Amino acid sequence: MAVGNVAVPETIYPIEGIKLSATAAGVRYKDRDDLVVIEIATDAATAVVTTKNAFCAAPVRVLREHFAKASPRYLVTNTGNANAGTGADGKRRAIDICAALAAKAGVNNNTVLPFSTGVIGEPLNSEAIIAGLDNALANLAPDNWLAAANGIRTTDTIPKLTSKKVNVAGSHYHITGMSKGSGMIRPNMATMLGYVATDANIAADLLQEMLSAINEQSFNRITVDGDTSTNDCCVLIATGAASSDIIDSPEHPHYQPLFDALAEVFIRLAQLIVRDGEGATKFMTVKVTGGKTTQECCDVAYAVAHSPLVKTAFFASDANWGRILAAVGYAGVEDLDTEQVDVYLDEVMICQNGGVAPTYTEEAGKTVMSRPEITIHIDLARGEAIDTVYTCDLSYDYVKINADYRS
């Protein structure tokens with residue numbers, strides 16, 4: 001059961017220059033869409049980031065090769081099978097899918113980027129995907145975002161979709177995005193896919209820089225189970241349909257408002273993944289302040305967010321704050337003065353100067369821990385740096401979902 005506000009927005013803005021479709025190809029699931037195609041306008045700029053897992057999936061390898069050679073026109077995603085751990089045959093099948101779509105659409109093979117998500121180590125039924133391409137291409141439409149968001153789901157219990165309109169000095173821009181992911185989530189880029197499009201006119205090189213920076217604030221600041229997937233990919237597309245005035249540097253007056261709006265969309269999509277974490281009952285924000293560097297704040301936040309002992313304590317609504325201190329201690333911060341560290345659960349100080357806070361009571365701790373959304377605030381008191389990671393608790397259902405995944 002997803003935690004908190006996970007509703008699809010009432011208004012989903014179509015992005016001029018983007019068309020989508022979702023089709024049932026029968027890759028793994030019966031009676032549901034599992035093949036999603038996105039068509040990108042010719043003049044659009046596209047940026048991509050991919051998993052840092054060395055055992056990356058075949059479609060990721062093909063995607064990287066194609067993206068280095070041409071500007072994308074089509075994105076093709078299948079669910080139910082990751083096409084990872086499939087060797088040379090898996091790569092050939094990813095290439096075959098791209099070639100088939102390219103031939104049907106009349107574009108170069110390199111302009112098609114493949115994406116897969118699902119079970120690792122099983123041969124991909126590329127024939128079923130290729131057979132579904134005609135229907136996918138025939139049903140492309142600008143208002144199919146919700147269908148596409150449902151089509152990319154695996155163990156996700158909800159479609160993950162957000163959309164917003166941005167007004168900047170009289171110019172109107174739209175941003176719409178979708179993501180998928182529920183388990184195997186600890187991006188360095190998890191089984192996580194994200195697709196965001198805007199009608200802003202942004203230079204390709206700058207768009208790539210923006211995506212890399214925004215990704216660090218969003219998809220690279222979430223964890224469900226600490227596992228980095230073989231298939232993570234995130235795409236940002238700028239079609240340019242809203243304006244002929246190109247944003248080509250951070251000094252452009254529209255750059256910062258657009259950057260902030262895009263970051264808001266990405267953070268929302270990343271948080272939706274955590275809120276829908278496999279078996280999750282609580283959404284946790286781990287905020288670390290007072291660090292010497294952002295990196296040490298990040299290290300501490302991830303140590304706490306990854307800890308099975310911390311996560312199970314939150315599932316049990318048990319204010320066992322010693323587990324948080326232990327995680328802070330093994331995060332690898334050099335010369336940490338533990339007698340300066342303070343820890344809060346929401347508004348309740350549980351640890352002051354490295355020991356139990358004089359004002360803390362078990363009753364106050366239990367009250368906070370019963371909430372579905374909780375912020376763990378750790379103040380290292382050694383600098384001005386800050387960082388935040390989003391995670392969820394670890395429940396019995398997480399084990400059941402993953403134990404039963406292939407059955």
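Using N, Cα and C of the backbone, Cβ positions are placed for all residues, glycine too.
For reference, Swiss-Prot has these:
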type	residues	note
ACT_SITE	T191	active site, nucleophile
BINDING	T154, K180, T191, E278, N402, S407	substrate binding site
Q.
Just to verify: the residue among T154, N402 with the fewest other Cβ atoms within 10 Å, which of the binding-site residues is it?
A. N402
Q | Candidate with the highest Cβ count within 10 Å, taken from the binding-site residues K180, E278 | A | K180
Q. Under a three-state reduction of DSSP output, how is N402 (substrate binding site) classified: helix, strand, or coil?
A. helix
